[in-house]
Amino acid sequence: MRISGMTETAPDDAVTVPANDDRPHSPAIAGFAAVAAALVGVAAVMLYGWTSEEGWHLLITLSMIIAGALIARPANDPDVRRTWVLGRWVLTGIGAAGVVLGAYLAGFALVDLSIPDGPFFGSQRPELPPPVVILLMLYGVPLIALIILAVRGLTAGLVGIGVVTPVLAVSIMGVAGANASVIALSSLVVAIACVPMALLSKTRWGSLTILIGLMAASFAVGAGVSPFGSLATSTNRPATKATEAAVGTLPEGLVPVVLVLALGAAAVLLALAVSRQDVASGLVGAALFSVPPAYLLIPTLMTGEGVHVSRSLALAAIPLAVLLVALIAWRASALRDVVARALRLPAVHPAVFAAAAGVAAVTLTVYSLPAFGLPGRVSGVITLAVLAAAAVLAVRLPGLPGAVLAAVTLVALQLGAPWLRLINGDRGFQNGFVDWQIAAIVGLIVAVAAAVVLVWRHRQAGVWAAAAYLLAGAMANVLWALLGADRLSSFSRDGDFTAITVLVLPLLVLGVPAAVAALRGSAAGQAVGTVLVAAGAFIPLNVLVSELPSGGDSPTDVALQFSFAPFTPTNVEGVARLLDPGAWTLAGVLVMLLLALVLLASTARRASAPLAATITLAVLVAGQVAVVSVGREWGVDVTDSMLGIFAGVAVVLGAVAMFAVVTRTGVSVHRPTGDQTRY
């Protein structure tokens, strides 16, 4: 193979490398290139947010899209130098992230261009495009980019399509005047239609059908509010207003029908996602069953009375039915065969049904039980007993079924937090904060014990990630109780340091060892890092959700906060609401960005699509929050200087990475990492 010094072909002595080897053959350069690309992305987002010139906006977005496309284009050709040096998955990740971020920002740039220029005098306002057109621009450009990525075979493109398309449809219906009933019924029809389509297709397009069906079911159950829909609408005002227009309560007789049918469709789709090990669809389905619909639960929290019996039973019907079927099928082989044929699965081991029964029981306590309005200590005892039984069953079950139940139990311990209700009952803060401090310490002890036992039994990466999720929430509870619960609960706006400590410190304590393990090739370290970086990135989005609609006191605001709760385990008692853009917020963003960059470097040794996608979100959030915080704290002149310095450093690092790639020769021996999930 002939080359010259700066050609785009692999080195001559690379002939011993298999043509289908996707790994980076220079892991150090690959890791450095990924980190440099992330810093360039942060700089681009900051520049976009700081400048108000439409021409600069277009230049930045087009540069990101074109650069991403050019970087990723040769990813499937091992004879191209940068493919050989960086590896297919690193090259594809950098390119896809650039295209997606650029397309996301391009939607906003198009909206800016569609608004007439001034000057406007007095009460004059610019004539805005119709809301539907704005939504099509905001979501249409990213959706086109995601479709292109999906056509090129990237799973990230399919996942993005599955999340964005239902959000766009619901948002358009909302701004077009559709009420909650229309949105819920339309979403229900889509969810039900996706079930047979998903059953008949086991290809990646079948996975897309599962994802769309689960998103639609979540909108049907939430009467216009969906957990992942909240993520997608939290970063722009028009989409949030669409959600606000859609949210509401359904007619009395319609609620049980929608709940039973939508949850039934979601249960089937979630079972298919788990059986096919579809992580993205599994997360969407798990989010649906993690928090009850806000429009049902808010009256219960305000009055202490249970939801109307028909609604409560409808909320519990599907988990209860799954529990009964799974318990019978656990012992009856005939029923196991029937279920396997219905779901188009091969023979199913009895342990799978035992795990399904455990998951259904946990769902009943975390998802359905709050709607019955039981006294705090009674519901706490029931929840603790069920979760303890689920943990014991998870220890006894082998392999993947036991690991799934273990992960669900760990997450449910964080979401259900039975010790808070056992110790505090229904008193809240009426008797001071001592009970809360005791409950937080007890919760941390229980969390550590559960995590140690279940991780020791099942060392899969997903169990490690669930344990980190639980421990982060438990540690944040202790910090909140000990460092200033009495002061922070008074809604003072001077608690930035304490708030950022509660929100970020648990993520760092767990994230640093996870990053070290990830750098050594541990899949568990990457999984834990993904959860922690995602939790850190969702905190600013949670703040945006609390501030965008109606000044913070509307039912929509409460509904969105409820739907967001599973994504921010360290946001104890809504402590994120105390954050203002400033020095401490900037410090929290920077340390989380540093953690994300270290984890990103680990992808040079082991591919991790979830980690790469999460860091792409972190890059977007970090850039947006950083530029606002610097501008608010130090003013325009300092922001200009700091932004120029940061952008210059990022460009230099990017140029160094490019130079290292084009001058790399020879083969770097890359030892297999093996299974290192013990970390």
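Each Cβ is built from the backbone N, Cα and C atoms, and glycine gets one as well.
Record features (TrEMBL):
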type	residues	note
REGION	1-20	region 'Disordered'
TRANSMEM	28-50	transmembrane segment
TRANSMEM	56-73	transmembrane segment
TRANSMEM	131-151	transmembrane segment
TRANSMEM	158-176	transmembrane segment
TRANSMEM	182-201	transmembrane segment
TRANSMEM	279-298	transmembrane segment
TRANSMEM	351-372	transmembrane segment
TRANSMEM	436-456	transmembrane segment
TRANSMEM	463-485	transmembrane segment
TRANSMEM	497-519	transmembrane segment
TRANSMEM	526-545	transmembrane segment
TRANSMEM	583-602	transmembrane segment
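Contact between the transmembrane segment (583-602) and the transmembrane segment (497-519) is supported: at least 3 Cβ pairs lie under 8 Å, counting only residues 6 or more apart in sequence. Only residues 6 or more beyond the boundaries of the transmembrane segment (497-519), in the same chain, are considered here, and those with a CB under 8 A from a CB of the stretch are 468, 471-473, 475-476, 479-480, 483-484, 487-488, 525-526, 528-529, 532-533, 535-536, 539, 570-572, 575-576, 578-579, 584-585, 587-588, 591-592, 595, 598-599, 601-602, 605-606, 676, 679. Against the transmembrane segment (158-176), the recorded stretches 56-73, 131-151, 526-545 differ in Cβ pairs under 8 Å, and the greatest number is found for 131-151.
Residues 166, 169-170, 173-174, 209-210, 212-214, 216-217, 219-220, 223-224, 246, 250, 254, 258, 261-262, 265-266, 268-269, 272, 343-344 of the same chain lie 6 or more positions beyond the ends of the transmembrane segment (182-201) yet place their CB under 8 Å from a CB of it.
Within its own chain, the transmembrane segment (526-545) has Cβ neighbours under 8 Å at 230-231, 234-235, 240, 461-462, 464-465, 467-469, 472, 503-504, 507, 510-511, 514-515, 517-518, 557, 560-561, 564, 567-571, 576-577, 579, 588-589, 592, 595-596, 599, 602-603, 606, 608, 610-611, 614-615, 617-618, 621-622, 624-625, counting only residues six or more beyond its boundaries.
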